[in-house]
Amino acid sequence: MDGSPQVILAAHGRHWHKKTIWQDSLAVPTYAATISVVVLLLHLVIVSRPVQKLWARVSPPKDEDFDAVAAQDESPIPAEGVVAETKAFVQSHGGPVHFVYKILRLLGCFAFLGICAATFVFEEGLAEDSDLTLLLRKHRKDPKPDQTQSAFSDEEWLQFALCMTATYASLLALISVGTRPRWSKLISNHLATILLVTFAVFIYRDIYPLLTFTKQPQDVQEGWLLWSRLIVLGLIAVVFPLVFPRQYIPEDPTDPSSEPHPEQTSSWLSMFLYLWLDPIVLLAYRVPHLSVNHLPPLADHDRSALLMKRSLPHLDPFSGSKRRHIFFGFLNIFGVDFCVLALTVSLQAIFSLSAPFAIKNLLEYLETKGLGAVFRPWVWIAVLFLGPMASSLVFQWYIFIATRLLVRTEGIITQLVFQHALRIRMKAELPDSKSPDGMNTPSEASETASLADSTISVGEDNTVANEAQVHSSAASVTSSRKGKQRAASAHSRATSTASVPADYKPESSSDNLIGKINNLVSTDLSNITDGRDFLLCFLYIPLQVGLCMVFLYQILGWSALVGLAIMAVTFPLPGYVAKLIQTTQKQKMKRTDARVQSVTETMNVLRMIKLFGWESRMDEKISEKREDELIFTWRQKVLELVNNNLNFIIPILVMLATYATYTLIMKETLSAGKVFSSMSVFDIMRDQLHMVFYMVPKMMQAKVSLDRVNDFLFDTELLDIYTEDDEAALLFPPDEDKSDEIGFRDAKFSWSSEGSGALTPSKRKFNLRIEDEILFKRGRINLIVGPTGSGKTSLLMALLGEMHFIPYSPNSWFNLPRKGGVSYAAQESWVQNETIRDNILFGAPYDEARYKKVLYQCALERDLTLFEAGDQTEVGEKGLTLSGGQKARVTLARAIYSSAEIILLDDVLAALDVHTAKWVVDKCLGGDMVKGRTVILVTHNVAMASTVAQFVVSLGSNGRVLSTGTISDAVTADSGVAADMVNEQELIEKDEEVIDAPAEGETKAGPKADGKLIVAEEVAEGHVSWAAIKLFLTSLGGQYPVLFWFTFIGFMGLTDLINTIQTWFLGQWAAQYEIKSPSEVNVTFYLSGYSILLLLATIFFTTAYALYYWGSMRASRILHQKLISSVLGTTLRWLDTTPTSRVITRCTQDVRAVDGPFAQGIGWMVELTMTMLVKLGAVVAFTPIFLIPGSFVAAIGGWIGRIYMKAQLSVKREMSNAKAPVMGHFGAAINGLPSIRAYGAEEAFKRESLKRIDRYTTTGRMFYNLNRWVCIRIDGFGAIFSAGLAAYLVYGRQDLQASNIGFSLNMAVGFSSMILWWVRILNEVEVNGNSLERIEGYITIEQEPKPTEGGQPPAYWPSSGDLRVEGLTARYSSDGPKVLKNLDFHIKSGERVGIVGRTGSGKSSLTLSLLRCIFTEGQVYYDGIPTSSLNLDALRSNITIIPQVPELLSGTLRQNLDPFDQHDDAVLNDALRSSGLYSVQEEDEESKLTLDSAIASGGGNLSVGQRQILALARAMVRGSKLLILDEATSAIDYKTDTAIQESLRQELKRGITQIIVAHRLQTIIDADKIMVLDAGCLVEFGSPWELLQNERGKFRALVDESGDKDALYDTARNADASGSS
C-alpha cells in the first residue's frame, strides 16, 4: 500500500502544492517584509552601544562629518511649550510639507491594511477546502472534521500573509512619523521598498493581463476591493513619493544653506521632468535679461570648497594623493556618479529599440488582422509613446549627471592647477631652435581651443544623442611632450613665432610656463570635458550595436549577418577619410596658430603699429595667413563632406544587401513590419558609426590633455620649500642667534634645480653666487646696486625662496624671517583688476589715517584727483587705466601700507620721473611709515637713494657680489656705480611742488564717477540682431546672395524629397508581398530603383553642401577682413578704453565660432527645416487631418523653444561673463606669483578663486539644466504626436495598407524627433550668433580717416624734417577739454628740440597731435605740406616715434628691425652699431645680441635699455626725417643711457629732426631749441642759452633748482658757442 502509485502521486501532489503556495506572486510582499525585518534587526545590533564600543576599539572613528550628523540627529528638541515643541518636531522631519507626506502615507497604509483585512474575510467566506487540506484529510487515520474544516485554504494563507505585511508596513509608517529623523529616514526607505514591491506584484497580477488577448486578472473576483487596493497602493507607493518634495539634507551639517537649491528639495517627478526650472524659465520670459541674481543659490554639493575638500586627497600630491594618474582619482571622487551613468546608458540602449519593436508588432498585427496576436494593438501604440519618453528620461538624466560632473570637474581642475601653481618655480624659457614635425600642442588658450573642430555636436552639452544624426568630425589635435618642462602651449607659441623664417621653429616663448599654466585651465580643460562621454564609446555603442544585431537577426534571420559583414568590410573607409581629416586638421591648426599668433601679436602692439603707419601692411600680412588657413579649412570641409556621405551611404548599402539576401537568396517575404522596423534599427546603427568617429578623436584629445595636467601636478619643478631634499634643512641658519637675520652665507642660486640656470637672450646660464656672508641691516634701508643684468632682482628672488638654493659649503644658509610679515613690490608692477584702494589694501583692514598717509608719501594724491572716482577707480586688466609710474606707485603703496616688518622693493623708482622719485625717497623711504622697518631696495638711482640708505650691496656682472657696506665701499669697488652717481647727481632737483600741485590740462581719459571703465563689456539682451545675421547671410552669397540661397535651399529640398521617396519606395516593395507571391515580385527593379534614388540624393546633398561650404569660406574671409581692417583703423582713444584681451577675443575666439559652429549651424538649420517640412508633408499626404495636430505640435515645440532660448541666451551670456573673472583672477595671480607668495596671500587668493568658481558653477549648472528642460518637453510632444498618429491610423483609417501606415509612422517619428534638434540647433545658432554680433559691433567702431587718392604725398616728400605748427589745439575727444591750446612754433630741418614741462603739461599730447592720433585744430606743416591733407599711413610712416617703453614683436631681432623684409643684413647691422648696442655689450661673443637672437613677446627677455636701443636702431632703419623720442632712461643704467644719447647726438645729425620729450635736463641741455609747455600752452621756445637769460623763465627756474646748475649752464653755453661758430 505504501508503495502504491496513488500514494506516490499524492506525495508528489502534496510536494507540488507546497511549492505552488510558496511560489505564488502574492507571497512576494511577505518575503520583502521578512527581509526588511532581518535587515532592521541587524542594523539595531550594529548601532547598539556594546557593538559600537567594540568597533571603536578595533577601528577609531575617522569621519567627523558622521559624528556631526549623528549629534545633530540625536540632539534633544527644546521644550518651550507644546506648540513650539510640535513645530520643532515637524521641522526636524523636513518641515510641514514633508511631515504631511508622512501622515498621508500613514493613513494610506492603514487604508491598505483595512482593504487587506476585508479581502481576507471575503476570501474566507468563499473558500473551499484546498487540495492540501483534502490530501491531509484523506490519508489521516483519525480525521477530525472540525479541525480540518477550520484550516486555511491556500488563498486564505496568502491573504493572511498579505495582512501581516500590511500590518508591518503600517507599523513602519507609524514609527517613521513618531521617531527621530535619523531613524525616520531608515524606516521610510524600508517602507517605500515594501510598498513598491507590493504595488508591482498587483500590477503583474491584475493590470498586465488586461494588455493581452489571452490572460485575465488573477484577483478579479475581489471586485471593487481590488481596484481600491490598487488605487491606495498607487498613491502611497508611487504618486506620493514622486510628487512630494524631498527633505533638505545639507552636505555639510556645520554649514547648511539658508535657502536650499530646488535641486535638493524638489520632488522626484519634478527632478525627472525638470519642473523645478519652470519658474526660472517663465521669469526669463518676462524680464528683459535674466541675471545671475535671479538664479537659485548654489546647491551644497556643487560648492567648490566642499568639492575641493572631497577631491584633494585623491588628486593633490600635497593632500595625501598617491602618485597615480588623476583619472583614477576622479573615478574615486565620482564613482557613484559613473555607476549611475553606466546604468542610464545601458537603459538608453534598451529603450531606444522600443519604437522599432512597437512598429514591427503593430504592423504585423495589421497585416495578419490580429490572428495569433497576444497583445492588444493599443499596447504598441502606448509603447510608441512610453518607449521614446523613457528613452528621453534616462538619456536626459545621463546628460544631467554628465554635465554636473563637467561643471564640477572644471572647477576642481581650475582650483587644483591654481593651488599647485602657487608652489611652482617661475622660470623663463626661450624658444627652442628646433621642433620636430608632428609635435603639435593644444591650441591658443581660450581663443583657439575649439578651432580643432569645425563641426560640433548639437547642443552646448556636446553630448551625442542617438536619436539624431550626429554630424561627426574625425579631426583632432594630437599633442606631445618634449621633456618634463616642455609641455607645449600654443599660448606661448602665439607669442613667439611671428614672421619667423622657415628654418626657425620655436616651440615656446619666454612666457612658456605661464602660457602652459593658462593653457591647462583653458584649452586642456575644454578638451578634458569634451571627452567626458567615454562611457558612450566603451559601453553604450557596443551594447547598442549588439542589441540592434539581435533585433535584426530575429526579424531577418542570417541575412542580418551579411549586412554586418559588409559593415565590417566598409568600416575602414570612414576610418581612412578620418585619418585624412586628422592630417588636414594638423596642417590647418599650424596655419590657425600662425594666424592667431600674428593677430595676438598685432593686437598687443597695435598702438605701435598705428604710430608707425603699418596698418595696411599688417592687414596684408594677417590676410595672407588667413588665406593659408582657409585653404586647409576648405580641404577639411570637403573631406568631412566625403565622410558624411560615407556614413550615410554605408548603412544604406548594408540595408540593401540585407534585404537582397533576405529576398533573393533566402526567398523570404519582406513585409511592411520587417521593412520599417529594420529601417529604424539601421538608422540607429548609422548613428553609432557617426558617434565612433566623432568621439574617438575627442577622447584621444582628452587623454593627452589629462596627461598634461597630470604631468603638471607631479613633474613641474617646485620651490625648494615644497621639495623633500635634505638641503631644506639648510634654508635657515643653524645658529639660533641668527634666526632673525636677513642674508646669505656661501650660497649659490639658479633659476632651475635642473642646473640649467635661466636662459638669457644669448642662452647663457645665469647663477647668483654669494661668497662669504651678507647680512642686511634690520630696521634700516638697504640698497642693492649694480649694472643692468647683474642679478639685483635675482638677489631679492633668492631671499624670497623663488630661486633654487645650492649650498656649496657646510656653513651655507640663507634666511628671510617671515613671522613679522614680508611685503614686496616687483619691478614689473603687478596690479589686480580691482579698484585702486583694493589694490593698495590687498586684503588688509582699512585704516583711514594710515591709508591717507600712504597716498601722500607715495605721491598718489595728485593722481587720484585726475580720476573722477578717485581711489574707487578700477585699474582694469593689467592696470589699463594707470600709467607705468602710477602702477609702480600703487605697487609701492601696497608694500608700504601692509604691516610687514620687512619690505622688499625692486627698482620702484625706475618708472618715476626725477621729481616723483625724489618725493618718494624723501617722504616715503625717509618718512615715518618706513621707520623701524627693514627695507631692501634694488635701484639704479644710487645718488638719490643714498641719502636714506645705511647699507649697500654692490653686484657685478654674472651675479657676483663686489662689495657690501656703505656707499663709499660700493663706489670704491665698482667704478660703474661711481660714474652713475656722478651723472645722476646732476639730475636731482629740489622742486617738490611738482607733486603737490595738480596740473591743469592733460589728464588721462579716466573712468566715470562710479570707477568702472568707460567701455564695460556689454551683456547683450534678447536675440541676435538682424544686422549681424544679415551681415553673415549676405557675405555667404557674395555678389549674388539671392541666387546662392535659392540654389542651396533648392538642392537641400530635392535631397529631402528623394530621401522621403526612398522610404515610401521600400514600403511599396514590401506591399507587393501582400498582393503577389514572392516569386512574382521583381526584386531587381526595387533594388535598382532604390539605388538610383540613393545616388541622386547623394549627388544633390553633395552639391548643396559644397556650395554652402564655399559660401561659408567666402563669409569667413569677408568678416575676418572687415574685422581686422576695422580694428587696425580705429582711433587710439578707442584702444585706450578697450582691453587688448577683448580685441584679441573678437579676432580669435569669436572668429572661430563664426568659422565653425555658427556657419555649420546655419547649414544644419536649413537642412533640418527642409527635412521637417517634407516629412510633415508626407504625413499630411496620407492623413490630411493630421496637418492640424502636426502644425500644432510644431507650433508648441517652437513656442517652447522660444521661451527656452530667452532663458538660455541670458544664462549663456551670464555664464560667459562669470567665466571671465575666473580666468582673469587666475591669469592675474599666475602673473603675480612672486608677489602673492611674498605677502603670504596664497590662502586669500585660493578663497577668492573658489568664490569666483562658485559663481561660474551657478550659471554653468543652470545653462546645462535648461537644455534638459526643453529636451524632455519637446520629446514628450513628439512622442504624443507619433502615438496619436498611430492610434488614428489603426483605429480611424481602416482603408490604408500596412506599408502606407508604416511609412506615415516612420515620417511622424522622424518629424517629432527633429523638433527638438531644430530648437536646439536654433539655440546653438543664436548662442554662437553672439560671437557674430560682437564681431559686427567691432566692425562699426569709430574709425580714423581712410586713405584717399588725394591724400598721397609727392614722391619726393619728405625731403627735409622741417616742421611748422600754426594755431595747434588738441582734444582727446571731440567734446573733451583742450589739452593743447593754440601752439605756434617752427622747427627747422635737422634741429634737435627738447620738450620739457611738469606732469600734465601736454608733452605726450603734442607728440600724438603731430601724428594726428587725437582730435586737432590748426595746421601742422611737415616739409611744407599740411599734415591734415595727407593720408594717415603716409604721414605716420614718415615719422618715427620711440615711446618710453618700446614695444617689440616676438621672433628674431631681425624681424623687429625690419618686419616686412625691406632691407638686407648690412643695413640692419649698421643700424645696430650706430644705435650704440655693440658698445654696451660684453666682449663675450656668446652673450651678444645678434640679428638672429630670439626676442620674447614685448621684449620681455630684454632690459628696458636694450629695448630702447633696438627701437632707436629701428628708427635708423626707417630713415624718417622726423624722430620723436619719449625719453625713457630712468630704468637704464648710465652706460646704456650714454650710448643712446651719443647716438642721438652723433649718428642722427644728418638732416634728421629730433623732438625729445625730456625727463632729464642733462639730455637736452645741449639741444638746438627747448620748448617749455605748461597746462597745454607753449610758454617758452628758444635755444637753451637764450632761455636761461630770462630770469623769470620757467626753464631757468628748472635749471636753477637743479642739484648742479653750474654744469648745466656750462653745457648750454658751450652748445650755444659751438652752434654760433
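Counting begins at 1 with the first residue displayed.
Glycine residues also receive a Cβ, built from the backbone N, Cα and C atoms like all the rest.
Note that the structure is predicted; figures quoted are calculated from it, not measured.
TrEMBL tags one of the stretches 1166-1185, 1186-1205, 1306-1325 as transmembrane segment, and that stretch is 1186-1205. Between the transmembrane segment (1085-1110) and the listed ranges 103-122, 561-581, 1042-1065, the one holding the most Cβ pairs under 8 Å is 1042-1065. In this chain, the transmembrane segment (1270-1291) lies in contact with the transmembrane segment (379-400); the count of Cβ pairs under 8 Å, excluding pairs fewer than 6 apart in sequence, is at least 3.
Between the transmembrane segment (561-581) and the stretches 187-204, 534-555, 645-665, 1042-1065, 1270-1291, the greatest number of Cβ pairs separated by less than 8 Å involves 645-665. Looking at the domain 'ABC transporter' (1363-1600) alone, the prediction's average pLDDT is 78. Within the chain carrying the transmembrane segment (26-47), a Cβ under 8 angstroms from the stretch's Cβ atoms is held by residues 158-159, 161-162, 164-165, 168-169, 172, 186-187, 190, 193-194, 197-198, 201, 205, all 6 or more beyond its ends.
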